[in-house]
Amino acid sequence: MRYFTAGESHGPQLTAIIEGLPAQMPLTAEMINKELKRRQGGHGRGRRMQIEKDQVLITSGVRHGKTLGSPVTLTVVNDDWKHWTGIMGIEPLADDVNPEDIKRRISRPRPGHADLVGGMKYGHRDLRNVLERSSARETTMRVAIGAVAKQFLRQIGIETVSHVTEIGGIVTDPSSYENLSMDELRTVIENDPVYCADKDASVRMVSAIDDIKGRGDTLGGVVEVIIDGCPPGIGSYVQFDRKLDGKLAGAMMSINAFKGVEFGLGFKMAQKPGSEVHDEITWSKDRGYFRKSNRLGGLEGGMTTGMPIVVRGVMKPIPTLYKPLESVDIDTKEPFVATIERSDPCAVPAASVVAEHVIATEIAKAIMEEFRSDTITGLQKEIEQYRQYVKEF
Ligand SMILES: Cc1cc2nc3c(=O)[nH]c(=O)nc-3n(C[C@H](O)[C@H](O)[C@H](O)COP(=O)(O)O)c2cc1C
Ligand SMILES: C=C(O[C@@H]1CC(C(=O)O)=C[C@@H](OP(=O)(O)O)[C@H]1O)C(=O)O
């Protein structure tokens, strides 16, 4: 499976193309729209999310609700485009227009964004040309692609869930959710304003977001993704670039504003002896091989172990502040303090949805590399046989 995204934040539309999906898989716009709506939500989002009502249009690769095996194209219209039509025009500028006079041209790079270095690299004196593509608006299409990947994973018995475990130093207590089933956890999270499974922490997170917004500042946090039902042996130890943990870490780090990733106990492993980190192996007739604990987060030697995959990512606080940081105007080289039109004070809940979808996409891709049938029923059969084989190994 291969995929691409395209589109500018304030351009006419966003596009994704996915190639290599099995044929005969049920797929509807509704399945994708449900996830797009979750990404737009979460306490802490700014005014742009009141303008957009993200809805996908499937324009190829699906007929009568089933995949054809041909490339699937997804598009989402930017409702904000109507306010930007002239500014974002595709046609060349008229001869009498000076590029430096383009409406809403940006000559003042924002710290923490791609603006300055992107401008240098691509020769853009209007930094809007960088901002438009570096914006996290792009994550809309990564969620759309991930929704398709999740639908594929569901067909072969793999479930995904994501939740917020920390915002601005407020940390969830794992005992409040670690005994919940995947379905129970999903229900709690979907009904929570910050997609958090610890009710007490959630209340404090909401007020921390309101407080930071009032102060013109922003907050980051940590999100956790859990993937349950993966058979052992997805990924490989035989070549460095086939290790699944490396691919998942790369996917997590590709999300705008993500600055770190960990599996299982993660960075806490540094504080513990080996006997409190590694997971003992056991076997039963019902389950086959399994681990007595899951401190390594479901991966050993770059391969899934069959235990749930547990991966977390840290998101920095949003860089555009109403209480802005100092920067330099590229025209005058003079320092300035920026004025802000709108921004999200905290997008950690939305980012947890993005994280779940990019991880689901990477896992779906890895599974399609291991099992090669061109139809979903063929793949289901192959995977079922493999599950039986590893159980009795
Ligand atoms: C869901 C989501 C929403 C975001 N919203 C904003 C925003 O409103 N304002 C902003 O300055 N950055 C926002 N960001 C973060 C920036 O896109 C990101 O920090 C920037 O592109 C620079 O990339 P880097 O932080 O990965 O270096 C958001 C990120 C995500 C994942
Ligand atoms: C549009 C989205 O997020 C945007 C991501 C973003 C950024 O700089 O990354 C900046 C803001 O955009 P704008 O400048 O238009 O207000 C966010 O709203 C979205 O998530 O769909």
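A Cβ is built for glycine as well, from the same backbone N, Cα and C atoms used for every other residue.
Curation does not apply to TrEMBL; its annotations are automatic.
As given in TrEMBL:
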type    : residues                                                                                       : note
BINDING : Arg39, Arg45                                                                                   : NADP(+) binding site
BINDING : Arg133, Ser134, Ser135, Asn256, Ala257, Gly301, Lys316, Pro317, Ile318, Pro319, Thr320, Arg342 : FMN binding site
Using all protein chains in view, find how many other C-beta atoms are within 10 Å of the C-beta of Lys316 (FMN binding site). 15
Less than 6 Å between Cβ and the nearest atom of ligand 1 is the rule; apply it to the binding-site residues Arg39, Arg45, Arg133, Ala257, Ile318, Thr320. Ala257, Ile318, Thr320
Using DSSP and collapsing to three states, where does Arg133 (FMN binding site) fall: helix, strand or coil? helix
Check the binding-site residues Arg39, Arg45, Ser135, Ala257 for any whose Cβ is under 6 angstroms from an atom of ligand 2, and report them in sequence order. Ser135
Reduce the DSSP letter at Ala257 (FMN binding site) to three states and note it down. coil
Taking the Cβ of Ala257 (FMN binding site) as the reference point, list residues of the same chain whose Cβ is under 8 angstroms away and which are at least six residues distant in sequence. Ala136, Gly220, Met315, Lys316, Ile318, Pro319, Ala347, Ala351
10 Å Cβ neighbour count around Arg39 (NADP(+) binding site)? 27
Cα of Arg39 (NADP(+) binding site) to Cα of Arg133 (FMN binding site): how many Å, rounded? 18
Assuming the binding residues for FMN are exactly those in the record, Arg133, Ser134, Ser135, Asn256, Ala257, Gly301, Lys316, Pro317, Ile318, Pro319, Thr320, Arg342, what is the maximum CA-CA distance in angstrom, rounded? 45
Conformational class of Arg45 (NADP(+) binding site) under the three-state DSSP mapping: coil
Using C-alpha atoms only, work out the spacing between Ser135 (FMN binding site) and Arg45 (NADP(+) binding site) and round it to an integer in Å. 14
